[in-house]
Amino acid sequence: MKIRTMRYFISESLQSFWRNSFMSIASIATVALSLFILGIFMTMVANLDYFVDNLESQVQISVYLKDDLTTDQVMSVGKRLKELPDVKEIQFTNKDQAMDALKERMKDQPGILAALGGKNPLPSSYEITFTNPEAVKKTAAIVANYPEVESSHYGQAIVEQLFKITTIIRWGGIALIIFLTLATLFIISNTIRLTVFARRKEIGIMKYVGATNWFIRWPFLLEGLLLGFIGGLIADFALFQFYEFVTVAIHESLAFLPLVSIYPFMYQTGGILLVISMIIGAIGSTISLKRYMKV
Amino acid sequence: MIDLKDVSKMYDNGSAALDHVSLHINKGEFVFVVGASGAGKSTLIKLLSHEELPSSGSVVVNDTEVNKLSKSRVPYLRRKMGIVFQDFRLLPNKTAEENVAFAMEVIETPRRVIKERVRTVLDLVGLAGKADALPQNLSGGEQQRVAIARAIVNRPLLLIADEPTGNLDPETSRDIMDTFKKINHMGTTVLMVTHDKQMVDMMNKRVIEIVDGKVVRDEQKGAYGDEN
């Protein structure tokens, strides 16, 4: 492409941008708004995912050992547990440590401790955490069959419920993102269709005097890219402000909720949104042009 | 220049716009195509410019078989023909000069050539003094002159005009016809579709009459014909 031609395309797209400034602003506002909404959903889904990951990583099995084991037997159980698939970490708690922990928890109600009469009814135990939380159920069943093990516990009902919910949230989130991307594409291509419609006469004349299709397409493509770029920037800016505000607000009121930290997550999300908005702008303008190119 | 062999055009609704038409037009000719509305005149133009494709037969313009042309070559076919419409089709936000220059810009002509040639062509159609006027400040006749200038600025071998005087009063029409005559004298083939009986009779050129998609008359130095 000649430099002069490129300059022509750029000046044409900028001119059309200014000439239809009202429409351009409307397009940018639409792009910005829909991408902002898309961005909110993306951050929501990412945070839900993060939250769920967090919950899942906290799922663990407590393995209570029989009371009369030798140190060797206890060590051997630990060794076998470590070799089970998907086990991340095991932690041993002996009877005395368990008692200390109980005392600490119950220090406001000394009556309960007194009722034990100085005896320690608590078993020694292993706490198992997992790299893959789905392995919890299977592992619990295996461990319960060890002769040294009194019983193994995890929040069965709760964990299964949790997995059902998180699966729904993940797939629902993905479906929502796809839906919103398509909706945004639709809105943008419709908005650019207005620009194209306003210039259909020009396009017709260009076709009649023998301009090539790409020559006609380029200025619209650039305009679409520009609209997408500016709209995407505004959406990014708004999303940053929004996320920062929400992060601060949640930290103040619901401090226990884990949130994805702004860096690098928001920069990635912002970058993705910007790329999406430019691609959508370019595709949208090309789609809208198609009808009027058929002269 | 133009060669149609046994050309038929059926539209999707089943109506036949052209029915086994054959005709030959030589380089440098001035030809009128006449006939009632819906007789197939506009279809003829659309076939020449590859806006429509024939259902059967072959259309040759400038040694190019239009009906076999690949899509990407169509722009280059059109650069060798200029088209003038009844409704002028000027861009309202560009001046007369810019409207004409537009036709050269979009086929990537060097700017120096554009400036020089646009001036020459505006002079030729008698609009040298109105180069900076917007279409809204020009009369109908002047607007059509701008359109003619735009159609010939790329030096086409063929100039096609679709009812160019349809929106103009008789006196203005005569001036426009003189302009076409001048262009024809400079070697450009002119094909004009028209309803304007007075003009056709006055010009005394070749007349092709189409009725219901068929060529019913083709005579040198003809008149519009006797029906109404």
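Yeah, the Cβs are placed from backbone N, Cα and C, and that goes for glycine too.
Nobody curates TrEMBL annotations by hand; they come from automatic prediction.
Listed in TrEMBL:
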- A:21-46: transmembrane segment (TRANSMEM)
- A:59-151: domain 'FtsX extracellular' (DOMAIN)
- A:171-197: transmembrane segment (TRANSMEM)
- A:175-285: domain 'ABC3 transporter permease C-terminal' (DOMAIN)
- A:218-242: transmembrane segment (TRANSMEM)
- A:262-284: transmembrane segment (TRANSMEM)
By a Cβ-Cβ criterion of under 8 Å, what residues six or more beyond either terminus of the transmembrane segment (A:21-46) are in contact with it? 169-170, 173-174, 176-177, 180-181, 183-184, 187-188, 191-192, 194-195, 198, 227-228, 230-232, 234-236, 238-239, 242-243, 260, 265-266, 269-270, 272-273, 276-277, 280-281
Using DSSP, what is the helix/strand/coil residue split across the domain 'FtsX extracellular' (A:59-151)? 42 helix, 22 strand, 29 coil
Summarise the model confidence on the domain 'FtsX extracellular' (A:59-151) as a single mean pLDDT, whole number. 86
